[in-house]
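Reading through the structure tokens given below for one structure.
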Amino acid sequence: MQNDYNHWDALTILTLCERWKEDKTKTTQISDQTNGMASPQVRSPELRKDSVTKRWVIFSPARAKRPSDFKSKSPTTQSQQQQECPFCLGHEHECAPEIFRVPPSSGLPWKIRVIENLYSALSRTLDDPFAQNHNPNSSGSVGQVLGGFGFHDVVIETPVHSVQLSDLSPQEVGEVLLAYKKRIQQLATHDAIKYVQVFKNYGASAGASMSHSHSQILALPVVPPTVSTRLDSAKEFFHETGKCSLCEVRVEDLLIDESSHFISIAPFAASFPFEIWIIPRHHSSHFHELDGAKAVDLGSLLKLMLRKVSFQLNNPPFNFMIHTSPLQVPNSQLPHIHWFLQIVPQLTGIGGFELGTGCYINPVFPEDAAKVLREVHIPE
């Protein structure tokens, strides 16, 4: 019976995705997919706990029958208007100061620019919050207060307004990844910086305020709590098993694609439908140790995953994040930490239950999502 359930789950997901691609604006009730025959049997709900995040996730495929399932108000469309875009070629003077560009020569047309964020969440001009004789606790406070010191940068991935990251060649995506690496290495020279988060928001509902393809880098004087939880979970797994949790993560029915140096999977306890993790095959704790050949290899797999998500799910908004290790900690002390890149298509909303409990409800089992994405063939 388990095989029957898996068959129907995959079929249901494929059908729903096709229906969603054909008309995402419809809100009519999803009709019986079997033309009058008995509806396919749906797997029972299941709770899974992720060994990396320690987060519980409820898998409830019955919720996939709701009209809102896998629907977005509209596919993400990118503006072709360039006249008012400060990220476009020729508008460099409208941006915050440039940190560096690729290629570095000002005499050559740039391909990538890393600039300060004009609307920075943190201030790079404030004093180090942990400087000598500085008291981080405000008087009478019920919690700890630090000055908002840190760095907030923008990586402009292309000078062409209409080109997205997934449109670039693997070599060009690799150059973007190496720009992340270079900036992280620069930020690591600041003793006050403890953690660097690289992320990309695509589409307004995913948090993007500019349609020109870009990503962001935030450098913090603290290690965020979600990162600390991930590190503690990895350490606990290592102490119990003697192994790194992500070195052991490869499971065939969760595998989507692979390259020479990386694999892409649907995580065992995915918090979101069609969530993807791209993981180095061999143990690596720090993203910024990525070399040129591996950057191109990762660029190829990242490009493929973004194209599959766009093609199968009708170009949804998405976020991707690079989860790496805190700075200033050498690899020799991190046998349990393995960096990875997470892609989250924005297909469902977060409600009161998720906000109240920290648990997520996912209507798609990851093995079904992996099967769907594995079988996507991108037209030439």
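Including glycine, each Cβ sits where the backbone N, Cα and C put it.
TrEMBL lists C85, C88, H161 as binding Zn(2+), and of H190, H212, H214 the one it places in that same site is H212. Over all protein chains present, the Cβ of H214 (active site, tele-UMP-histidine intermediate) has 22 other Cβ atoms lying within 10 Å. In the predicted model, the domain 'Galactose-1-phosphate uridyl transferase N-terminal' (44-224) has a mean pLDDT of 85.
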